[in-house]
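S.K.: As annotated by Swiss-Prot, domain 'GMPS ATP-PPase' applies to 2-183. According to Swiss-Prot, the ATP binding site annotation covers S28, G29, G30, V31, D32, S33, S34, on the basis of sequence analysis.
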Amino acid sequence: MVKVEKFIPNAIDRIKEQAKGKTIIALSGGVDSSVCAVLAYQAIKDDLIPIYIDTGLMRKGETERIKEIFADMNLQTIDAKDRFLDALVGIKDPEEKRKVVGETFIRVFEEEAREINAQYLIQGTIYPDRIESDGGIKSHHNVGGLPEHIDFKGIIEPIDDLYKDEVREVAWALDLPEEICERMPFPGPGLSVRIIGEVTEEKVDVVREANAIVEEELLEQFKPWQTFAAVIGKGTGVKGDVRVHGWIIAVRAVGSRDGMTAEALELPWETLMKIESRISGEIASVARVLYDLSPKPPATIEFE
């Protein structure tokens, strides 16, 4: 486990050594980027410019929540929803989606960096991200999903040797609020990797609502490592007396220590039935709801 009393000053010194001037950070509101933001602010103060990109692929209410939490950090918010959705048109391959999101993400940051004359980028890459990218399991938008040519002088990754549970320890030591310290992992490419096949605005809207329902039903009571819903295709259903061809939603809830391995939670039947009833009842275009029992390995936690 990480020794936070040593890690924190070492990370601050590392940022001071690498960031030589205006530096931007990709702030998502997750524990990884939030820890990096606090460390960076302690290291370089007003040379840090936190930027949040609204990709249109975030969870329900997430953008508004992030604006509230980080209002005192001079947070700059960029509305890039149309840009990301346009870039994803026609793309079905999971790795291509990740790379498109990563490239669009970094290009938006480059544009902002030029506006403010920033030459360095801080990112919240953690150790499992590097393992999965280096091992060819999947690229991460802030690791293997980045374009080969980046216009920054350097990318700084202060927590790239930590596992998720260690990042949470550092977050508590930095006095970050519990909402951030215990925030559930969320993939860098956002809801795009919770949609099998091409990403469309309709699918994003469906999976966003389904995710919100799953989180409402499971987070507080069962405290999963990660839980979410994914749109995995279309299937036949019946709404009233009418035959429909609607979306199939897969629900995922896993327990884990560090994200490297995971087991599906054994949820009560009544809970699963309630989730199914809410999703199919509140989202008119959904025809079927499934529960994924796959462990990691052989599956990954996310569907893509």
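Cβ coordinates come from backbone N, Cα and C, glycine included.
The shown structure was predicted, so the numbers you read here are calculated from the model rather than taken from an experiment.
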S.K.: Starting from the Cβ centroid of S28, G29, G30, V31, D32, S33, S34, the recorded ATP site, name every other residue in that chain with its Cβ within 8 Å, sequence order please.
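M.R.: These residues sit around the ATP site: L27, V35, C36, A37, G124, I180, R183.
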S.K.: Look at each of the binding-site residues, S28, S33, S34, and point out the one with the fewest other Cβ atoms around it within 10 Å.
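M.R.: Minimum Cβ neighbour count within 10 Å, taken over the binding-site residues S28, S33, S34, occurs at S28.
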S.K.: When you measure from the Cβ of V31 (ATP binding site), how many other Cβ atoms are you left with inside 10 Å?
M.R.: 26
S.K.: Given the binding-site residues G29, G30, which one's Cβ is surrounded by the fewest other Cβ atoms within 10 Å?
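M.R.: Output over binding-site residues G29, G30: least Cβ neighbours within 10 Å is G30.
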S.K.: Three-state secondary structure of S33 (ATP binding site) from DSSP?
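M.R.: Assignment for S33 (ATP binding site) reads helix.
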S.K.: If you draw a 10 Å sphere on the Cβ of D32 (ATP binding site), how many other Cβ atoms land inside?
M.R.: 29
S.K.: How does the model score the domain 'GMPS ATP-PPase' (2-183) in terms of mean pLDDT?
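M.R.: 87, rounded to a whole number.
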